[in-house]
Amino acid sequence: MPDYIRTSRAADSLRDIKITPHFLPHTDGSCLIECGNTKVICTASVDENAPPFLHGKNQGWVTAEYGMLPASTALRMRREASAGKQSGRTQEIQRLIGRSLRAVVDMEKLGERQILIDCDVIQADGGTRTASITGAFVALQIAVGKLVSDGILSENPILEAVAAVSAGVVNGVPLLDLDYPEDSGCDSDVNIVMTASGKIIEIQGTAEGAPFSLDELGKLVALAQKGIGELLRYQQNALSVA
């Protein structure tokens, strides 16, 4: 994108963010997260049976699944179920979501049960994995809060909040929260998952058009940290009315 200049918002600004809690009635926790034109439904379902590899260990598990509706993109995507297998991208993203959430949960306090996270992209315009992580935390917190209020858990096993955002270099300019045109035409980009205390869970970085320096990486991380701070406040606001 040699002539691209972002004009719709500042280089260090998020897209318009909206998180609607309790978006679906038939699950323990849910929300719709909207990051600009990217929209993801996130749900959390409690299963009172821990996975087999944890039986008898007095600890729980959090896992995630991720998918995109066929019409979530400009050209219809074939359902992965009809292809008979998940793509490598899908498997990578759902593992990332699961890892990100497990990093902020005390599994012993969760007890011998698992929480199943589902992230379904209904409209995609870049940043679906980061939006999924940010929304999934809200759904998880709602589900866990229900376990506590119902007396099933004596204390909340969630240690702190977690959120994620992208940043990238487009036409030599570091930008926060890339939309699809920016993401597809960037020089380099990163996806960063960070806790409320500022600890990094994961950094995924790739040079798409040109390698980037450690100094540029530092600028992208700083941009992401700013954006994640704002996303954490959106999460708090959504949970305060949940």
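Heads up, the Cβ atoms here are built off N, Cα and C, so glycines get one too.
The annotation phosphate binding site is assigned in Swiss-Prot to ARG89, GLY127, THR128, ARG129.
Residue density at GLY127 (phosphate binding site): 26 other Cβ atoms are found within 10 A of its Cβ, drawing on all protein chains shown. Neighbour density at the Cβ, taken as the number of other Cβ atoms within 10 Å, is lowest among the binding-site residues ARG89, ARG129 for ARG89.
For the recorded phosphate site, residues ARG89, GLY127, THR128, ARG129 set the reference point as the centre of their Cβ atoms, and the other residues of that chain within 8 Å of it by Cβ are TYR66, ILE93, VAL121, ALA124, GLY126, THR130, ALA131, SER132, ASN191. Pairwise Cα distances among ARG89, GLY127, THR128, ARG129, which the record gives as the binders of phosphate, peak at 13 Å. Under 8 Å, Cβ to Cβ, and six or more positions away along its own chain, THR128 (phosphate binding site) finds THR38, VAL40, MET68, ILE93, VAL121.
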